[in-house]
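Enquirer: Sharing the record's features from TrEMBL:
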type     : residues                                    : note
ACT_SITE : 370                                         : active site, phosphocysteine intermediate
BINDING  : 309, 310, 370, 371, 372, 373, 374, 375, 376 : substrate binding site
COMPBIAS : 571-581                                     : compositional bias 'Polar residues'
COMPBIAS : 582-596                                     : compositional bias 'Low complexity'
COMPBIAS : 597-606                                     : compositional bias 'Polar residues'
DOMAIN   : 161-533                                     : domain 'Myotubularin phosphatase'
DOMAIN   : 340-386                                     : domain 'Tyrosine specific protein phosphatases'
REGION   : 570-606                                     : region 'Disordered'
């Protein structure tokens, strides 16, 4: 990390402050700002932060090519903001030159991470013009032909996070290829499907020409391919997009035969096709050339899971933001939360994933799709895999799951998040991945010993979903990442995570291979993730770490300390005097104790 900034130009401090005290104030205000390698200071300015919890707070704002940093100058009110510019969705001017009223002239900033920021400046000249233009430029670099910060940062880590997921290694871990499933490289140049990965697992009996004919009948060419296989019963989770049935009810014998090959691979009596959409939406999609599998797909059953589309999820999160920021209205909290429907959507996603996992666990293969197979499909397959496979519940395994089912299979991160793009009203934006992480959090709450990672990991992932500091979540698909040379020019988020794994570990984790997790997906058992959605409210009493978890860690550290002392004693000379001399905590009482008394003390169970 670079050292704290030492130069901080200011032109608006009161004239009676001496040059020396001015410099000392600058240094004090910026003492805890450390720039990342490659991060440059753009502008600093005296400003007033209209804090929703403390009122108007005077201080200084610093804009770099990565962040907005504010620190209050008032000793009585300690306020600090450190916001990655990538988390900014919208920057607007507040008030005009003729505005009346205190602090009515300034900037309004809408963030993607559940908070809004408002700054006021003095109404003289065009005092906000420079900061507005620079903030707008660096918060939305792609709209100004500038590189994303991930291409500018010069951070270095010992381990490259880009190596965490290797498709062939992951398929081998699952026991593939075998005599029912083969690995194909037909998409090595993204010619079969430009949003799919280059390495695909398909039925052993299928030929490459079959795959091409099936691709012609599936939206965006996203053919049914294997995501996961059950080692014992060989049932599989297959993902794809909707068939192009259209209003006329077109059929494709190759597609029908291909799905039957999937069924035959482990003699599933009836292939279950889970369509994530509500039935009415799937029918409506026929008008635009899409649709769903009808009765012509023999030996198959179709189940609709009633999960709403990206637009409904976007509006739901907006409503949630309205009731949690800046103020939480206690008197109508439950009815307000219910009116957002956010937990209801979380419930439907979890419920759908449970159905998928249960079907596969009972030996039946499934096909999962929504419209294009990169939003709700990714939610369902990844959550079902998390329930079925304990490997994905480890710290590294969870990274593999995200890389595989979300990043490699073309969830449209760039479109859904809007990295570096000023078009805040873009209808493609939607919190689909946030909703998935919320579902994972719900599972960790219900199974506190089943996950190797803790809540901090989930918060870190969501923070860097927006930050543009890492290349992990940039662009819409693997093909686009290859074209923009992300792996060679940007750092992976997993490089950061794996450089300090200890802080992301769950001390209660108990490995249990083979155990299938079935969370309870009812409204009575789901909670609002306060630590994420309401974390900006200082009045919400919450701790990053529970007292129980903190005490548990202390006891583990104490146990390790005692075990180390015991080992030292066992390795030392057998005479009582030398054993006492080697004790790392000699005191009057211990030197008068016999060796056996000491040994007993060290063995005391915690």
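Using N, Cα and C of the backbone, Cβ positions are placed for all residues, glycine too.
Owing to the predicted nature of the structure, the values given are computational and were not obtained by experimental measurement.
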Enquirer: In whole Å, could you give the widest CA to CA gap in the substrate site formed by 309, 310, 370, 371, 372, 373, 374, 375, 376?
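Expert: Between the outermost Cα atoms of 309, 310, 370, 371, 372, 373, 374, 375, 376, the distance is 12 Å.
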Enquirer: Can you list the residues of the same chain, besides 309, 310, 370, 371, 372, 373, 374, 375, 376, whose Cβ falls within 8 Å of the substrate site's Cβ centroid?
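Expert: For the substrate site the neighbour list reads 276, 377, 432.
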Enquirer: Residue 309 (substrate binding site) to residue 370 (active site, phosphocysteine intermediate): how many Å between their Cα atoms?
Expert: 9
Enquirer: What average pLDDT does the predicted model assign to the domain 'Tyrosine specific protein phosphatases' (340-386)?
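Expert: Mean per-residue confidence for the domain 'Tyrosine specific protein phosphatases' (340-386): 98 out of 100.
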Enquirer: Around residue 370 (active site, phosphocysteine intermediate), which residues of its chain at least 6 apart sit with Cβ under 8 Å of its Cβ?
Expert: 241, 242, 275, 276, 277, 307, 376, 377
Enquirer: According to DSSP, how is the domain 'Tyrosine specific protein phosphatases' (340-386) divided among helix, strand and coil residues?
Expert: 32 helix, 4 strand, 11 coil
Enquirer: So if I measure Cβ to Cβ from residue 374 (substrate binding site) and keep only same-chain residues at least 6 apart in sequence, which ones fall under 8 Å?
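Expert: In sequence order, 195, 222, 241, 409, 410, 411, 412 meet the Cβ cut-off.
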